[in-house]
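**Q** Take a look at the following structure, please.
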2 protein chains.
Amino acid sequence: MHNRPVPRVSQDQLDARRKEILTGARTCFARHGYEGATVRRLEEEIGLSRGAIFHHFRDKDSLFLAVAEDDAATMVATVAEHGLVQVMRDLLARAATEDVAGWLGSQLEVSRRLRTDPEFAKRWAARSEAVAEATRERLQRQREAGVLRADVPIAILAQFLELAYDGLVLHLATGRPVQDLEAVLNLVEAAVRKS
Amino acid sequence: MHNRPVPRVSQDQLDARRKEILTGARTCFARHGYEGATVRRLEEEIGLSRGAIFHHFRDKDSLFLAVAEDDAATMVATVAEHGLVQVMRDLLARAATEDVAGWLGSQLEVSRRLRTDPEFAKRWAARSEAVAEATRERLQRQREAGVLRADVPIAILAQFLELAYDGLVLHLATGRPVQDLEAVLNLVEAAVRKS
């Protein structure tokens, strides 16, 4: 391969523009859900024309997937540092103070896609596995630190936490009351720890 | 009120016909999901014309709600007798041996409705509360029998189990692997019991 000079500024500009689009799209999907986030609303929220937006992303679907993948990457980072229970606590706090209906709707949209769209399911599996792996790694560190229960394999504890996370998403997405959920999450956390 | 003779046979016939329609509709929704259960498919599965079907139920939507309410009533009965963990074990066993994708899709359809259709949410709230109440009552009996942990209120334990149930529904609905879930359910059960 030739060692051609990289067009650095241009790439930086492209990256910045891409990030700008993702930020606006995230807000738009969160506010209106997948269906409600029309191209017109995406244009308004992002502040760019559809031509500019779809120069960077093939279509609304690709844009949605990019936002979802971005969110999954953020989740992996939070899980690695603070654990899946903390992700649940953060989600609960957000649900109590801001309108997360759209965001949750997007999560259910991901779930629907996983059922009905094998291509999407394949692309998504890697993201899903990254969250699972981060969860297992953090549990492993906790086990080494002696705070985890020792009688259940890490893989089972990780899946237990993921089950609780899925349950929380579905609970919040269906608009049910949140008042007791903090105590429920304490119980979830206690169930994986040394008693 | 007048004490008019009740047209007994006719009512029995109506009830039987209604039940027949519900049974066929349940199979159809389970097989094809809400969207996929077209009126044509409902006719085929039920073995009646659309005229006959919609003489008993206003529209596909009412039919879907009737099936969902029927399922919720069955779930309340199982919870009352065997508990919510057993409902989860039954669901897991079904998922391992038969195709429950359509049924699970219908559950997510209920979830979607709860978010987007306030009228549906209002009608559904009573069913949802009936399951919650059956769960609390059974936990209360278990507490009296001395098998339940004593340091967490019944209401919290019940919501913990419901969170796990919701998580299981979302997990299975998105077609993720089931192999470790039995061990996960053991952990869920252990978390509400006296250690």
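Backbone N, Cα and C atoms are what each Cβ position is placed from, and that goes for glycine too.
Automatic prediction, not curation, is the source of TrEMBL annotations.
Below are the features listed in TrEMBL for this protein:
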type: DOMAIN; residues: B:15-75; note: domain 'HTH tetR-type'
type: DNA_BIND; residues: B:38-57; note: DNA-binding region
**Q** Looking only at residues six or more beyond either end of the DNA-binding region (B:38-57), which have a C-beta under 8 A from one in the stretch?
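**A** 14, 17-18, 20-21, 24-25, 27-28, 31-32, 63, 66.
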**Q** What does the DSSP secondary structure composition of the DNA-binding region (B:38-57) look like, as residue counts for helix, strand and coil?
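**A** Result for the DNA-binding region (B:38-57), in helix, strand, coil order: 15 helix, 0 strand, 5 coil.
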